[in-house]
Amino acid sequence: MIQEGKLEQQFFDYLHSERNYSVNTSTAYENDLLDFRRFLNEQAITTYQQVTFLDVRIYLTELKQKSFSRTTVARKISSLRSFYTFLLRENVINENPFTYVSHAKNQLRLPKFFYSEEMEALFQVVYEDNETLTLRDRVLLEVLYGTGIRVSECAGILLPDLDTSYQAILIRGKGNKERYVPFGVYAEDAITDYLPERANLMSRYKKSHDALLVNHYGDPLTTRGIRYCLSKIISKASLTRKIHPHMLRHTFATDLLNNGADMRTVQELLGHASLSSTQIYTHVTKEHLKSTYMKHHPRA
């Protein structure tokens with residue numbers, strides 16, 4: 001049973017001190033979280049980390065059945081999304097189950113992904129030279145797109161986690177669950193080219209650790225550091241639309257499904273505890289099929 005505790009109080013303190021929310025707004029957030037906690041207890045969900053996208057959909061259905069106004073539902077979703085964004089920031093969770101629920105219409109919001117032309121532009125950036133940090137960025141991009149792992153998981157890769165004989169990486173994911181994720185020849189070649197340069201860089205700065213990815217001083221690259229590196233790659237590629245690093249994970253899943261991979265396999269590769277978290281990508285592939293049909297069929 002979930003009871004109000006430290007996490008909620010930290011969130012409410014955050015609303016007051018950092019967001020400068022009024023007392024009335026903060027009270028509304030508290031009531032929304034209280035109602036959601038009641039729902040979770042009824043569903044025998046004992047931690048906020050266990051909540052999946054499917055649980056969110058069930059909760060939305062319940063709100064609809066109770067005839068809440070669209071405005072009220074939108075506010076509740078906004079409150080809970082903010083709470084889960086806070087949990088994400090505090091590294092309590094790895095994914096926000098409210099991400100794909102829109103504010104106004106409570107409709108499914110499809111994950112954004114890179115188109116093939118955009119991926120080509122990104123790879124051109126990391127293959128433009130063989131400088132140490134460019135080689136590092138090449139590994140970063142090849143591994144993230146080639147495995148679909150989260151940015152935080154990528155930051156945690158250690159050299160002993162690499163099994164080159166089986167072309168697989170040991171990943172420590174959500175809830176410290178471990179899984180092996182395969183990687184392809186492009187990622188393998190990128191890692192092979194990078195490791196000697198990594199060793200030289202670490203020797204120059206007298207560093208000693210097992211982190212695969214390092215910064216310009218030879219220290220382990222953090223999650224924030226990876227996001228910064230990816231942002232620089234994206235900027236150099238001159239991509240114009242609003243994008244974020246997590247889209248590489250979305251692109252990995254979407255490309256697999258578009259090319260015939262089964263849902264269960266994609267679920268395992270992504271490290272999703274529930275199949276419902278993976279099913280969001282079937283909507284993306286349907287949109288892809290429709291757009292392809294509309295573009296190429298003479299009677300569309």
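Every residue number used here counts from 1 along the chain in the order it is shown.
A Cβ is built for glycine as well, from the same backbone N, Cα and C atoms used for every other residue.
Taken verbatim from Swiss-Prot:
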type	residues	note
DOMAIN	2-88	domain 'Core-binding (CB)'
DOMAIN	109-294	domain 'Tyr recombinase'
ACT_SITE	ARG150	active site
ACT_SITE	LYS174	active site
ACT_SITE	HIS246	active site
ACT_SITE	ARG249	active site
ACT_SITE	HIS272	active site
ACT_SITE	TYR281	active site, O-(3'-phospho-DNA)-tyrosine intermediate
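Each of the active-site residues ARG150, LYS174, HIS246, ARG249, HIS272 was scored by other CB atoms within 10 A of its CB, and the lowest score goes to LYS174. For the pair formed by HIS246 (active site) and ARG150 (active site), distance between Cα atoms is given as 7 Å, rounded to the nearest Å. Checked against LYS174 (active site) by C-alpha proximity, the active-site residues ARG150, ARG249, TYR281 yield ARG150 as the nearest. Candidates ARG249, HIS272, TYR281 (active-site residues) were compared with ARG150 (active site); those inside 10 Å Cα-Cα are ARG249. The residues of the domain 'Core-binding (CB)' (2-88), classed with DSSP into helix (H, G, I), strand (E, B) and coil, number 67 helix, 0 strand, 20 coil.
Rounded to the nearest whole angstrom, the C-alpha distance between ARG249 (active site) and TYR281 (active site, O-(3'-phospho-DNA)-tyrosine intermediate) is 11. Cα separation, HIS272 (active site) to TYR281 (active site, O-(3'-phospho-DNA)-tyrosine intermediate), rounded: 12 Å. In the three-state DSSP scheme, HIS246 (active site) falls into the coil class. In this view, TYR281 (active site, O-(3'-phospho-DNA)-tyrosine intermediate) is surrounded by 24 other Cβ atoms within 10 Å of its Cβ, with every protein chain counted.
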